[in-house]
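First the structure, in the form of structure tokens, and then the observations on it.
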Amino acid sequence: MGVATTLQPPTTSKTLQKQHLEAVGAYQYVLTFLFMGPFFSLLVFVLLFTSLWPFSVFYLVWLYVDWDTPNQGGRRSEWIRNRAIWRQLRDYYPVKLVKTAELPPDRNYVLGAHPHGIMCTGFLCNFSTESNGFSQLFPGLRPWLAVLAGLFYLPVYRDYIMSFGLCPVSRQSLDFILSQPQLGQAVVIMVGGAHEALYSVPGEHCLTLQKRKGFVRLALRHGASLVPVYSFGENDIFRLKAFATGSWQHWCQLTFKKLMGFSPCIFWGRGLFSATSWGLLPFAVPITTVVGRPIPVPQRLHPTEEEVNHYHALYMTALEQLFEEHKESCGVPASTCLTFI
């Protein structure tokens, strides 16, 4: 089939009010991504030592009772996923979703999402909200964006991200989703993970993939088709201070990742009120998420290494082909190549 894209608003000049609304949409996502989890964790702790301590105790009891919910499908809210603020976030860059092939809802899928970028903006916008009409482009599919399991330990923030359909990137959680009797489950895994964020340099396309094979094993165990997904522009919305491999700064980043599960990055965007100053507002660079063709995978409860390596190689080839087919239409120079590490 031909390429299908999401419907975008007419490309007319934006009013000042529209520009402000888009900036608010982009900025609130950054602030939520960076600070909501730590803020509510600290708040719940501090309230224990005030007259409002019953609120913290009540929530901690609820947290104990609700502990396994993220690994059992979470609590998705279509009301949250359809809010207008996500359309403002979409229009700020803008973010587009491109469909290159049909994904029939009579089977399950494991979508490998690349690159991770700093904040996975394109993937959240396209798979965790309806701002680009995922359910219309892929009718019958139920998307799940798999993220760092540690995020679901953070009070209040865990409930917030569950409402988008986010789930822990853990075997227990993903096995639960792909074992549901209702087919059409589409698990989106950012294969490069937090380590790949260290290579989120504008203009570069470096993926941590050569040794990442867990997603292939997952697909084999459940007979779920593999689907390559590439988000052009994801690395371009922030500037990153990249440290040379082997430097003490890079060593500190890797050590921190081993301890905490994510890599601390030094990054910056533009100022909220001035495009020439530094700040946390991302640069308004177009993000185009291209969903590739499905790769049929047989079900193997105990896949061999040969089978894993075979389908991993097929996936890498399909991903590279997807990149080559769409890079020029997405503003990437023809001479640019995809790099796997």
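These residue numbers are counts, starting from 1, taken along the chain as shown.
Yeah, the Cβs are placed from backbone N, Cα and C, and that goes for glycine too.
Annotation comment: Swiss-Prot describes 29-49, 50-70, 137-157 as transmembrane segment. Annotated N-linked glycosylation site per Swiss-Prot: N126, in sequence order, evidence recorded as sequence analysis.
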Legend entry - Local Cβ density at N126 (N-linked glycosylation site) - other Cβ atoms counted within 10 Å: 30
Inset, instruction - Give the three-state DSSP assignment (helix, strand or coil) for the residue listed as 'N-linked glycosylation site'. - result: helix
